[in-house]
Amino acid sequence: MKDLNKTIGVFVRPTHHQNALFKELEQAKEWVLTLLEDEGFESFMIDSLDGAKDAQLIKKAYAFLCLGGDGTILGALRMTHAHNKPCFGVRIGNLGFLSAVELNGLKDFLQDLKQNRIKLEEHLALEGRIGNTSFYAINEIVIAKKKALGVLDIKACAGHTPFNTYKGDGLIIATPLGSTAYNLSAHGPIVHALSQSYILTPLCDFSLTQRPLVLGAEFCLSFCAHEDALVVIDGQATYDLKANQPLYIQKSPTTTKLLQKNSRDYFKVLKEKLLWGESPNKKR
């Protein structure tokens, strides 16, 4: 079979051998490859985060099956983002907020995929730039202190207009899809995953008046820190940000693409995965 629409890349995070679920992942990987063949799909494995190195291989796939948790899906989405390829997650692990299906439901999902009974969700992604270095973020870009002590001053601009100076441990710039990740842990708002906006949430801000801010995605943002800082991408990659060096962030021209069941409902996922609106005493 040479049909591009029948070719699925299987992504397992390259550090999975360090995972407590290593044995389960290895067994699941072999089972998944066999199932794909039985269902009439061509498949290949990718266990690297180097999208440039695997560019030709990535182009061969219609979509990518991400075997693991949300971290695995985030890594795959960044790796394939420039190639405009959709991904879907098969959960092995704990939360699985982004996952499309459990392992025991994969066969039905693949059959629905063949019959075009799967929906494609397109989400806003961030494109960041420091000097000549560009990168994509699916959940968030974080500007964080390099030093354990002291306060980091971050000047924020929308276009050429300064609108705030944050003084604290740092700043989260999240996507709506990422609003339920680090942003939520830092007491930022939940924003519907299909919205077109940025969420700016300060980390341990020095001022009582600072609150999270939601901005329309039409803005091009820039940030400067008064001293050397770290820029963290989806909690997985880091870049150095020199004092007074601008970090530019804008809406990526390419969307984050996730394949999901037609029956998936965002509010239901919030309730099931995060116990949204439930009593704190309710047992899962």
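The backbone N, Cα and C atoms fix where each Cβ goes, and this holds for glycine too.
Annotation comment: Swiss-Prot describes D70 as active site, proton acceptor. According to Swiss-Prot, the NAD(+) binding site annotation covers D70, G71, N139, E140, K167, D169, L177, T180, A181, Y182, N183, L184, S185, Q236.
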**Fill in**
For K167 (NAD(+) binding site), the number of neighbouring Cβ atoms whose distance to its own Cβ is within 10 Å equals 15
**Item:** Secondary structure at K167 (NAD(+) binding site), reduced by DSSP to three states
**Value:** strand
**Prompt:** Given the binding-site residues N139, N183, and counting only Cβ atoms in the protein chains shown, which has the most within 10 Å of its Cβ?
**Reply:** N139
**Request:** Identify, in sequence order, the residues in the chain of D70 (active site, proton acceptor) that are 6 or more apart from it along the sequence and have a CB within less than 8 Å of its CB; answer 'none' if there are none.
**Result:** G89, G93, L95, G96, F97, L98, S99, A181
**Fill in**
Of all C-alpha pairs drawn from the NAD(+)-binding set D70, G71, N139, E140, K167, D169, L177, T180, A181, Y182, N183, L184, S185, Q236, the farthest apart lie at a distance in Å of 30
**Item:** For L177 (NAD(+) binding site): intrachain residues, at least 6 apart, with Cβ closer than 8 Å
**Value:** L98, H123, L124, I138, N139, A193, T256
**Prompt:** Looking at Cβ-Cβ distances, which residues of the chain lie under 8 angstroms from S185 (NAD(+) binding site) while being 6 or more apart from it?
**Reply:** none
**Message:** At a 10 Å cut-off from the C-beta of A181 (NAD(+) binding site), count the other C-beta atoms across all protein chains.
**Reply:** 23
**Request:** For L177 (NAD(+) binding site), just give me the three-state DSSP call.
**Result:** helix
